[in-house]
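Copied over from TrEMBL, here are the features:
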| type | residues | note |
| --- | --- | --- |
| REPEAT | 18-102 | repeat 'Solcar' |
| REPEAT | 115-199 | repeat 'Solcar' |
| REPEAT | 216-294 | repeat 'Solcar' |
| TRANSMEM | 270-288 | transmembrane segment |
Amino acid sequence: MAAKGAKEEDSCEYGSAKFLALCGLGGIVSCGLTHTAVVPLDLVKCRMQVQPERYQSIVQGFSLTLKEEGLRGLAKGWAPTCLGYSMQGLCKFGLYEVFKLRYSEMLGPEKAYLWRTSLYLAASASAEFFADIALSPMEAAKVRIQTQMGYANTLRAAIPKMYQEEGLWSFYKGVAPLWMRQIPYTMMKFACFERTLEALYVYVVPKPRSECTKLEQLGVTFVAGYIAGVFCAIVSHPADSVVSVLNKEKGSSAIDILKRLGFRGLWKGLFARILMIGTLTALQWFIYDSVKVYFRLPRPPPPEMPLSLKERL
């Protein structure tokens, strides 16, 4: 039975505990699946960042990895990737919905509409702050496995070795660069997606969203997600380069690595990251929205100007 105030076809009320819990589940599925699926590309990208003299391009990087380690080598780091990004997705998408609701209530309907871009930016930044704390241990293990030859081939081997060498700090020393990378990325991901989706329905899609089929709506979601993903990759790439090198080297700081890499070094592997993040972001939004459709969650249309504001203007 639908909750009081929910539409008949919805399985729960917008903003309810069930709604937020299932949004978190959607984040786990979307981020866990997509990041695990692109582990081979991520591995080559990380190696291009930390060993540019050996891994000079995407094609050459794949070729060298296959030659030296075989097909199994391309799957290195899949376990920490799956676990880490599942937890990140839970916090990223679940808490985004929480913060968006709470900040909207604080602003009121008129300001929430007028300042909606700022609202998306604030809600996504707040959510990502906690998401990166959840991601950091697995991200550190993943980079060690992928970039330090002979260090460890599995998560089971990497975790105790990292703890023995550097203690708990080894799992969280990359959290500040992660915030530098992921918070701007997520702010762009959510704000750009929300505004692109709004623009597509106004200027591109020939009919209102309410008249589109579920499949057509998911198609629009995918396109908006890919556009957002390209901008995300560009904004977050310099910090991603720092994170990759920082987790590979002992005793280095983010400032040391920034100085050593220089401006050009920070952008190494950008094309691979655009391919990866553009596809990832589009698929994540598609899967996330599909989970909402599957569980019949409320999916409000793009925001409209409140009647009280229309009357004043």
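Quick reminder: no glycine exception, Cβ is built from N, Cα and C everywhere.
The structure displayed is predicted, hence computed values, not measured ones.
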Looking at the repeat 'Solcar' (18-102) alone, can you tell me the average pLDDT?
92
Using a Cβ cut-off under 8 Å, which residues of the same chain at least 6 positions beyond either end of the transmembrane segment (270-288) come close to it?
23, 26-27, 29-31, 33-35, 37-38, 41-42, 44-45, 48, 58, 89, 93, 185, 189, 193, 218, 221-226, 228-230, 232-234, 236-237, 240
Counts of helix, strand and coil residues, the repeat 'Solcar' (216-294), according to DSSP:
71 helix, 0 strand, 8 coil
